[in-house]
Amino acid sequence: MNKPMRRVGIAMITMVVLLLANITYIQVVKADQYRTDSRNQRVLLDQYSRQRGSIVSQFDGQVLADVTETDDKLRFLRRYANGPMYAPVTGYYSVRYGSGGLERAEDDILNGEDPRLLVRRLSDMITGRDPRGGNVQLTINPAVQSALYNSMTSKGYTGAAVAMNPKTGEILAMVSTPSYDPNALASHDGDDQQQAWSRFSDDPKNPMLNRAISETYPPGSTFKLLIAAAELENGATADTPVSNAPNVKLPGTNVTLENYGGEVCPGTTFKDALAHSCNVPFATFAGQLGADKLRQTAANFGLGAPLSIPMNVVPSSLGDLDSQAALYQSGIGQRDVRLTPLQDLMLSATIANGGMAMKPQLIKKLLAPDLSDLQSFSPQELTGTPALSPQNAAVLRDMMLASEANTKGGGKRGNIQIASKTGTAEHGTDPKATPPHAWYTAFAPAADPQIAVAVIVESGGNRGLEATGGTVAAEIGRAAINAQLGGG
Amino acid sequence: MSQPPLPDPAAAVYASNPPRELPTRRGTELAMLGFAAFIVTCAFVLVQANQEQELSWSIVWYGLAYLGLFAIAHAAVRRWAAYADPLILPSVALLNGLGLVMIYRIDLAMAERATKASRDFTAAAPKQVLFTALALALFLAVLIMVRDHRTLSRYGYTAGLIGMVALALPALLPSSLSEVNGAKVWLKLPGLSIQPAEFSKILLMIFFASFLVAKRDLFMIAGRKVLGVELPRARDLGPLLIAAAVCLLVLVFEKDLGTSLLIFGIVLVMLYVATERAIWVVTGLAFFVVGCLIAYQLFTHVEQRVANWIDPLATYSNQGGGYQIAQGLFGLGTGGVGGTGLGAGRPDIVPEANTDFITAGLGEELGFIGLAAILMIYLLLATRGMRSALAVRDTFGKLLGCGLSFAIVMQVFVIVGGVTKLIPMTGITTPFLSYGGSSLLANYILVALLLRISDAARRPAQRARPKQPPQQAPLAEANTVMVNRPPAGGNQAGEPTA
């Protein structure tokens, strides 16, 4: 009986060797694959227990996001000051749902894994200090941000507002309403996180959508700035005569395109047409310029090109422009033309900057944990090709000053010269019965622009079908200008 | 066998003298137990340090409980199985201790979670200490009551009957009395729940051993040749086949695939050892394959297990999918070669971390090195058992010892193989490591029997101690006694003639 028993003994050894071989395969060969699997919470939890860097404003060093030490396993709780106000800027950081917005875009710096932080990490390891993440300094001006956020939310508007320094491309504010509180997602309580997540994602108003860069809208009359720039570059002047007819027939169709309210345009020059936002002249201009010239000008404004600030910006688009009728309708920012609010802002900002589009940027500096500089960002031209000459930019600025003079709405200050353009964009399947989007894009002071701003209030805000860019959106844009220029 | 004995002077001395007294090796056992206690204590301290807790008094209480229990076990072995293998008990003590540390460590994580969710939490570790105490009491009882393992062979059929009834009981009882978390393998008594299958496994081994020993010659001689293979007569094989079939059917109805695989493997091995015919293994495996195919067709849960085995990551988010196995693999992968360190990993993410998946947790925190070491301890334990079985003189002891030793490795293979995706996952306990009373109690009984067999194997056949001449009472105080007639051919003291 000993012989089979010895064989059983060998079988036992074989079984254990099989197990050993298998765990070698799993823990040595395949270990990395399992360790880095996105569903493996361990790595994430490890990261979450590291002291994450802060997100601060370049003005007054105001802190938008930082951590506070807790006594639970995750050690550091992410905190957002004024969470909903800055959520479109900061994004969120959640154990269960990962990260979004800037938290994701600059994750390597914030969690300390960026190669530029490697040396410090090594020294931390040697000195036994807990590794920490780097910090991100933003271009955001809290005064402008809160002015925009408060005016949007005080009236319960759904929409977005962006402001930037037209000379540098530094984004001064980025607001999207309604917003959400990233603090709820950062909670260390799994159930709280889950509740917050479903509350935000089930909300039909989609508070987690960053409307400023992730949503496109028909720009309406604000798009006339682009047509005007193309027309000026094409040789027109402020005094070029235009038709004041109340409507024009779209070529190749029986449909007519009307001025706002079907009115006769109060003037007969190019300048009057922009000042009163008459549709007929701009539709005609677009038709005359043709698709290629429009596309060229649009491209020089940065329209359609991929952009990251460093969050990715959804590209704006002109649509197909496949017929004269399409060109006519596109000329007033309708049909298939769709812009992000940021791109709409870049129309006025480029004009403010003498015709050269600057690359929008949200980050001023990347800082090491000890606040020493890792990288500073300097202003960059967006395309390198001016969208219009400085002379034409000045002409267009004056036309926008006239437009502002015709624009109603509150918030005007006598001492600040604003150049602006409003827009009232039809949308939806039944445009005449759907409250229009109200737009306002502007820069100030006209002589030496310090701030450009674009505002969209979706579906008429609180004015319904009667809403116009001037009555709904202008007041919000002016609030931002006043905040930046110290007008209060 | 036919070799003439060598004229070895040592052999001559051996033959002419009474056998030398074999060392009992109890000192070795004590030293190894001390070593095990040292490792377990270090593990405990590490857990507490890594969990950023101050070293608390619990370390002292757990430590004292551990030392106390194994001191008693050691004393019992010294007293009642003095010649037992010196490595078996320390191996068990180390495994049991590491299990306790891991259960305690998972308690800490679970307690923290519960506090955060403001839920109530009952720690498992104190209960496991209690189970260990109970198990050691049972261990003592077996050592004391079973003075000679051969007596067990007399109760073969009784053991088989009780074993089968216990195995079948959960299947027959209503779910309210037998089901916990969907597994219908329990016997819920007021105050405690037990898994009778754990005990059945030992009773059935006793039955198989005694049955096979009794019928061994019949199997080997009284068969017919079929296709050149000698098969035993059906009536000799009948009870064995019936018992095996009943076990398997019961387990299929209870959906307890792990235990059924375990018992099947043990029966096969014992049959092979008893008959010395490999054809049994081949036939058995053929039956097994057919059975697997049928089960795969019939039962969705078998199909599911197989799908989870092939690719747990693909079925990750399915109902009853590979989530648990995948989490176990993530843990093992994160642990890598060196592990995260005790108390520094997150084994609590894996569901059932302190029972079925305790090896995943150990693999995460101790790494490949630690897990391999644990597997080697099991192998050591089983091979020491096997060695004793080889050395013991009676066939029943051999067969039982072989079955018990193989059962240890088989359990480890089934569960660790399942956790590490070597074979489809079937839920059984990891002997001595995982949390649970029945498993611990049963496996301590198993170890007590192994120790008993190894004691019998190493105990000198004859009392080595030279017999004292019978004490004579001083003549003055001597009673008048009837003088017995000396037995024919024997000496005065009634000692067997050598």
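Start at 1 and count along the chain as shown; that gives each residue its number.
Cβ coordinates are placed from backbone N, Cα and C, and glycine is handled just like the others.
All annotation found in TrEMBL is predicted automatically rather than curated by experts.
Among the features that TrEMBL reports, region 'Disordered' is placed at B:460-498.
Long-range neighbours of the transmembrane segment (B:30-49) within the same chain, counting only residues 6 or more positions beyond its ends whose Cβ lies under 8 Å from a Cβ of the stretch, are 55-56, 59, 62-63, 66-67, 70, 74, 86-87, 89-91, 93-94, 97-98, 100-101, 104-105, 108, 341-343. As annotated by TrEMBL, transmembrane segment applies to B:30-49 (among others).
Residues or ranges marked as transmembrane segment in TrEMBL: B:55-75 (among others).
With a cut-off of 8 Å between Cβ atoms, the residues of this chain six or more beyond the transmembrane segment (B:87-106) that come close are 28-29, 32-33, 35-37, 39-40, 43-44, 47, 51, 58, 62, 66, 70, 73-74, 77, 123-125, 128-129, 132, 342-343, 347-348, 353-354, 358, 361-362, 365, 374, 377-378, 380-381, 384-385, 430-435, 440, 444, 447, 450-451, 454. What TrEMBL records for B:87-106 (among others) is transmembrane segment.
The feature transmembrane segment is assigned by TrEMBL to B:126-146 (among others).
A Cβ distance under 8 Å defines the sequence-distant neighbours of the transmembrane segment (B:155-173), meaning residues of its chain 6+ beyond its ends; these are 179, 184-187, 196-197, 199-204, 206-211, 214, 239, 243, 246-247, 250-251, 253-254. Annotation comment: TrEMBL describes B:155-173 (among others) as transmembrane segment.
Feature annotation from TrEMBL assigns transmembrane segment to B:193-214 (among others).
Positions annotated as transmembrane segment by TrEMBL: B:234-251 (among others).
Annotated transmembrane segment per TrEMBL: B:257-274 (among others), in sequence order.
Same-chain residues lying 6+ beyond the ends of the transmembrane segment (B:279-299) with a Cβ under 8 Å from its Cβ atoms: 229, 248, 252, 255, 257, 264, 267-268, 271-272, 306. Under the heading transmembrane segment, TrEMBL lists B:279-299 (among others).
Among the features that TrEMBL reports, transmembrane segment is placed at B:366-383 (among others).
For B:395-420 (among others), the entry in TrEMBL reads transmembrane segment. Here the transmembrane segment (B:395-420) has long-range neighbours at 149-150, 152-153, 201-202, 205-206, 208-210, 212-213, 216, 258, 261-262, 265-266, 269-270, 273-274, 325, 328-329, 332, 356-357, 359-360, 363, 375, 378-379, 381-383, 385-386, 388-389, 426-431, 443, 446, 449-450, 453-454, 456-457, meaning same-chain residues at least 6 beyond its ends whose C-beta is under 8 angstroms from one of its own.
What TrEMBL records for B:432-453 (among others) is transmembrane segment. Outside the transmembrane segment (B:432-453) by six or more residues, the chain places 77, 81, 84-85, 88-89, 92, 95-96, 98-99, 102-103, 124, 127-128, 131-132, 134-136, 138-140, 142-143, 146, 148-149, 152, 192, 194-196, 198-199, 201-202, 354-356, 358-359, 362, 374, 385, 388-389, 392, 397, 400-401, 404-405, 407-408 with a CB less than 8 A from a CB of the stretch.
Most Cβ pairs under 8 Å to the transmembrane segment (B:257-274), among the stretches B:55-75, B:126-146, B:193-214, B:234-251, B:366-383, belong to B:193-214. Counting same-chain residues at least six beyond the ends of the transmembrane segment (B:126-146), those with a Cβ under 8 angstroms from any Cβ of the stretch are 62, 65-66, 69-70, 72-73, 76-77, 80-81, 96, 99-100, 103, 152, 435-437, 440-441, 443-445, 447-449, 451-452. Listed as Cβ neighbours of the transmembrane segment (B:234-251) (distance under 8 Å, sequence separation of 6 or more from its ends, same chain) are residues 160, 164, 167-168, 171, 197, 200, 204, 207-208, 211-212, 215, 218-219, 222, 257, 259-260, 263-264, 267, 271, 291. Beyond its flanks by at least six residues, the transmembrane segment (B:366-383) meets 87-88, 91-92, 94-95, 98, 332, 335-340, 342, 359, 405-406, 408-409, 412, 416, 431, 433 of its own chain at Cβ-Cβ distances under 8 Å.
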